[in-house]
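Peer 1: From TrEMBL, for reference:
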type: REGION; residues: 1-45; note: region 'Disordered'
type: DOMAIN; residues: 41-137; note: domain 'BEACH-type PH'
type: DOMAIN; residues: 151-443; note: domain 'BEACH'
type: REPEAT; residues: 599-640; note: repeat 'WD'
type: REPEAT; residues: 650-691; note: repeat 'WD'
Amino acid sequence: MGHPPPVAAQVALHREDSVPEEDLPGPPPAGQGQRPDSPVGDGLKPVVDEECDLVTLMKVVRGRFQATATMMRFSDLSPAREGVRQDFCYPLSVLREVHLRRYNLRRSALEFFLVDQTNFFLNFTTKTRNKIFGKLVSLHPPNLLYSSMTRSPADVLKASGLTQRWVQREISNFDYLMHLNTIAGRTYNDLSQYPVFPWVLADYSSEELDLDNPATYRDLSRPIGVVNPKNEAEVKAKYENFVDLTGAVEKFHYGTHYSNSAGVLHYLVRLEPFTSLHIELQSGRFDVADRQFHSVEATWKMLMDSPSDVKELIPEFFYLPEFLINMNRFDLGRLQSTREPVGDVCLPRWARSPEDFIFKHRKALESEHVSLHLHEWIDLIFGYKQKGPAAVEALNVFYYVSYEGVVDLDSIKDPIQRAATEGIINNFGQTPCQLLKEPHPRRMSLEASLTGRPDSKPPSLFLCLSDFKAYVIEAPLGCPVVYVCIPRCSTAKSSFVQPHGSTTETLITVGQDGSLGLHGWLPYDRTRAYPNYFTFDKDPTLASPKTVRKISGPFDPSLEVHGRLFAVSSDAKFLVSGGHWDSSVRAYSLLKGKQVARVILHKDVVTCLALDMCGMFLMTGSRDTTCILWELNQQSAQGSFLPEKPFQILCGHESEVSCVAVLTELDMAISGSRDGTVNVHSVRDGHFLHTLQLPCSMGQPHAAVSLLAVSHLGYICVHSRPQNRSATTKGGHVLHLFTINGKYLMQKEVSSEVSDMLASGDFLISGHRDGSLIVWEQFGMNPRTTLSLGSPVASLALSPAQSHIICSLRDGKLIVVGVAPAPR
């Protein structure tokens, strides 16, 4: 394999993982940058046509990648007898990100991310990879974030502003770690480069988990191999005494790695396809039971007892309870000491269930203690202590083959030796790309983030649950508002960069009479003359019946006009409406205030609708018991925003559909109906996945489902009410909590009917007909804050920065709930 370069040379090599200038296109010509069908060819002739390997968890597939001005395609070239083919084709317009990647420590791969979070990993030769990247950028796909991807990973992180946002507590610890993993080349498509997360706890034996006790936590400043101080002398001696007479292998502290294929499969052995991969790795059988991941506490003790095992964690420990359950009842053997069968993972005593473990483990990751020390672990894995003298001092040097630059696969001509070397790299694990050469900044304390925040950045509501204050907007809007929304209005498309600035945002309202309001909104006080954190400028067109803009066409008289009949596109260009007498779905240009599209496909009135966060799909539900998914095209002319043909028609209900939710990034379309059923379908192929079963409760065996709220942390909250609602109906209003995989967690009776609700992270916000506004911690359904607004709530909206809740009330008032400003 040859002599490895010195560590300093390896660090310099990493900085050069970017596309050479000659392979990069210039900026798009004026007027052409947003058109997917320009500037190359006729949309049919390939501008990219190269053989490559599709890298998946299960296998590497030989194929051909082609791209035209409008499409990109992978064609499987493996023999037909080798099973299911891996061909796929996507419009170029859905390409969101392209990352330069390493494969087997070679800079030869690209990873593609689509708008709906679909991704695929292609390996080329190094020179081919760079040219393909340059040609794809030259096509100027409308959603491609190419401007930040022409740099090295370290430069991408610096340009993203992510670190500053994390320091200022604008993003969570989990999200920041996922971003670091992605930028550093970690991927779910390659087990040897799987995302890596830290062990954060040291207490897996107590009856109760005390997150306020520093002794509960692992020391994040030390590699996992020396978290237990008793291992330090052994690790130091191993490094100092190591001598390789050939000079090919440099000194190291650990002969294994904190993230490799075997470690990932060790944790995920109970889930396919990892079960099959584990069996393949173990020569056709499960590993012996005592080496299986059978207990969280036992795994931690083993790590503390010996520095020979240095596995860190994987992201699933913080969001996926299913990996802890042997739901397929695999025969994993019996422990030698107790003869007990290995089944579900044995959890710490403080965890009552797999879901409880994930919830508490995630809370530990987001705790104040971890927040103030996570930068120390980042220094070890992604930062300046990863290589060089700082790594030696930190006892953080791993076996040489895990570092980039020590093995040149292209120079190995013998195919047998080359395959063997690739196997070593794949099995041992790979150290991430180094992102930082200097110490990572520490996160602000919670107290400092609240007191030191500039006036233009009000704090998140969820950091100050005890300091809520409600403000009444003193600007009559003419009639009660049934729908309110603050669109994301992203002016910068990057998924890494949070748009900010002083540009006025828009707060959109729809009145009970169909009047449309586009109000000026800032989440801070522009004049600083008032003791609140927002600015509201009423839409002047609402001042006169002659200038007011209205949604055309009457609503069906048998239908109560409510907020679930409206949705605004994420770019704030269009409003979509249902509930019309002719069973149509309509789209309006918010800029012009005019109808630009009208489609009739449902056989009865549209009773609810919802847009996904990606801006790709609209989902409508109807009294005809069906749901329809519509694939939107925001890049085309206004009239084609709503397509004439449906993307999917979803069936399965026996009565009127009352609420819908679509999450393209989770491939889920969820619908609830008056007969009490909640169905889950896949978005991409429309397949029925499962029904969420509501238990018979409160003497209501067939409660009607009226509302849905879905959290990106994996919770589905369903509100049910009695079938025969009347003014005298009391009781029977229940919140039900499910996991996204359909497991029923709990129910909570509420004293008043919920008229609107929305989910954000760990929290659920509900507005009620008795005028109450409640913020719940979703897992456990514990109310954290309650406000009385004095009148029935009609609609809720959460500002993009989570700094304000906008509440429209049935008496016509508009309420803004924010964090009470600190006294000056």
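Using N, Cα and C of the backbone, Cβ positions are placed for all residues, glycine too.
Automated prediction, rather than curation, is the source of TrEMBL annotations.
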Peer 1: Using a Cβ cut-off of under 8 Å, list the residues of the same chain at least 6 residues beyond the repeat 'WD' (599-640) that approach it.
Peer 2: 34, 36, 93-94, 115-116, 142, 556, 558-559, 564-571, 573-574, 576-587, 589, 646-651, 653-665, 669, 671, 673, 681, 683, 686
Peer 1: Roughly where does the domain 'BEACH' (151-443) sit in mean pLDDT, to the nearest integer?
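Peer 2: 93, rounded to a whole number.
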Peer 1: So how many of the residues in the repeat 'WD' (599-640) end up helix, strand or coil by DSSP?
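Peer 2: Split into helix, strand and coil, the repeat 'WD' (599-640) gives 3 helix, 19 strand, 20 coil.
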Peer 1: Going by DSSP, how much of the domain 'BEACH-type PH' (41-137) is helix, how much is strand and how much is coil, in residues?
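Peer 2: The composition, in the requested order, is 18 helix, 49 strand, 30 coil.
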